[in-house]
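Asks: Would you mind keeping the following structure in view while I ask a few things?
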Amino acid sequence: MVFEEKMILNGEPEDEEEEEEEEEDLVDPLETMRQKCAETEHCVHTQERLEDCETRVGSRSSTAEDCTEELFDFLHARDHCVSHKLFHSVK
């Protein structure tokens, strides 16, 4: 009972709520850069190839083909773009 009164008087539960609110406002710069880079011409092209492959594979009932190569091409193009931009904004 005494411990609970001290917590109420010290305001510890309110501090936890304030910390949670501050964490929600943070934006990951990596995700922002990935979205911007995915809109570049080269990334759009590789993403279209990936989507075409997914459509082709999804339309067949049984196939040995998968879209691993197209996925890696898209991720490589996007991350290559991000690597040139992200580290200039990191302090």
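Positions of Cβ are set from backbone N, Cα and C atoms, glycine also.
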Asks: Tell me, from Cys37, Cys67, which cysteine TrEMBL puts in a disulphide with Cys53.
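Replies: Disulfide pairing in TrEMBL: Cys53 with Cys67.
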Asks: What number of additional C-beta atoms lies within 10 angstroms of the C-beta atom of Cys37 (disulfide bond)?
Replies: 20
Asks: In whole Å, how far is Cys67 (disulfide bond) from Cys81 (disulfide bond) when you measure between their Cα atoms?
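Replies: Checking the Cα atoms of Cys81 (disulfide bond) and Cys67 (disulfide bond) gives a distance of 21 Å.
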